[in-house]
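These notes concern the structure reproduced below.
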């Protein structure tokens with residue numbers, strides 16, 4: 001999903017101008033910060049002052065914060081939010097795959113939905129994925145394809161360096177266009193859903209903060225370079241997905257790479273969503289949790305759900321924007337800052353409390369603005 005958002009960064013610069021460059025840096029810093037405070041909520045100090053990991057998941061953190069109201073209320077809210085976001089992400093990959101195949105082979109008399117079904121068939125082996133190790137291998141291949149796409153686009157842009165002009169940047173901004181840019185830029189960094197599992201599976205969890213700093217730093221540099229070179233190349237002609245600006249032979253190549261990336265990206269949110277369901281089932285009946293038949297049933301159901309929604313949900317992009325404004329902002333900004341304040345209030349300095357409160361307010365405003373824009377778009381579409 002981040003790869004798809006990255007391709008929209010030059011278009012975001014078109015509508016945000018110089019402030020867009022600042023936003024790319026600010027979003028990296030904020031998402032890195034909320035990732036750190038989320039992981040901090042997994043730990044408590046023992047009698048000797050040593051940090052001990054007493055929680056394992058986002059759900060455990062939520063339950064710890066809401067235990068006075070209800071022992072499981074927080075976990076239910078977080079799990080539902082996570083599953084909705086993950087399922088919507090999987091559906092987006094299917095819709096994007098159909099769109100990319102349709103654009104790559106325009107002369108084949110096949111509808112976009114039929115292409116989505118063809119892409120779905122290649123994803124059927126996901127029903128047999130049972131470990132994170134397989135998902136990590138696919139994610140490595142996905143990252144490799146992502147770098148190929150970025151390399152091709154930047155290389156072409158550098159061949160057009162004689163056309164570059166800083167005068168193409170806008171100083172005046174339209175509020176709604178700016179909000180679109182904020183959404184694209186911020187959600188190109190989101191990964192909080194996967195962080196507790198990632199940190200728990202690291203050989204040296206103590207290196208997590210350092211890893212998060214470096215990955216967000218390099219992501220910021222890469223995204224800034226990519227967005228800047230592409231926008232300086234095409235200026236006002238920059239399209240929503242930058243690959244549409246490329247010459248036809250390069251566009252087809254990059255679209256096929258994007259298709260590969262979308263298909264390789266699907267297993268991660270799919271696996272995460274099914275694991276959440278498994279963990280919920282295991283609390284009630286541990287023996288069923290290990291049942292191979294139950295596993296196949298859950299994964300098969302999830303696969304069919306993503307296909308049916310991709311095929312029959314009208315105006316999915318607008319619905320994705322609406323759900324993303326709620327679930328994305330909640331999981332990335334609202335809940336990490338709220339949970340950190342709740343669990344660590346007595347140990348936080350004044351500046352740390354101010355930082356958490358500021359992130360919460362910013363996340364709330366981003367979510368509210370995204371909801372308003374998405375609802376407005378839906379109302380316009382449905383008349």
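Every residue gets a Cβ built from N, Cα and C, even glycine.
Residues annotated as domain 'Amino acid transporter transmembrane' in TrEMBL: 2-375. Marked as transmembrane segment by TrEMBL: 20-43, 76-95, 115-132, 144-166, 178-198, 210-233, 253-281, 293-312, 318-339, 359-379.
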Worksheet entry | Closest-packing stretch to the transmembrane segment (293-312), where packing means Cβ pairs under 8 Å, from 20-43, 115-132, 144-166, 210-233 | 115-132
Practice prompt. Count the CB pairs under 8 A between the transmembrane segment (178-198) and each of 20-43, 76-95, 144-166, 210-233, 253-281, then give me the winner.
Written response: 20-43
Practice prompt. Spell out yes or no: are there three or more C-beta pairs under 8 angstroms between the transmembrane segment (210-233) and the transmembrane segment (115-132), with each pair 6 or more apart in sequence?
Written response: no
Worksheet item: Short question: which residues 6 or more past the ends of the transmembrane segment (115-132) have a Cβ under 8 Å from it?
Response: 94-95, 97-99, 101-102, 197, 201, 259, 262-263, 266-267, 270-271, 295-296, 299-300, 303, 306-307, 310-311
Fill in: Folded-back contacts onto the transmembrane segment (253-281), same chain, C-beta under 8 angstroms, at least six residues removed
1, 3-4, 7, 57, 59, 79, 82-83, 86-87, 89-90, 93-94, 96-97, 100-101, 103-104, 119, 122-123, 126, 129, 132, 134-135, 138-139, 141-142, 145-146, 148-149, 152-153, 193-194, 197, 243, 246, 288-289, 294-295, 298-299, 302-303, 306
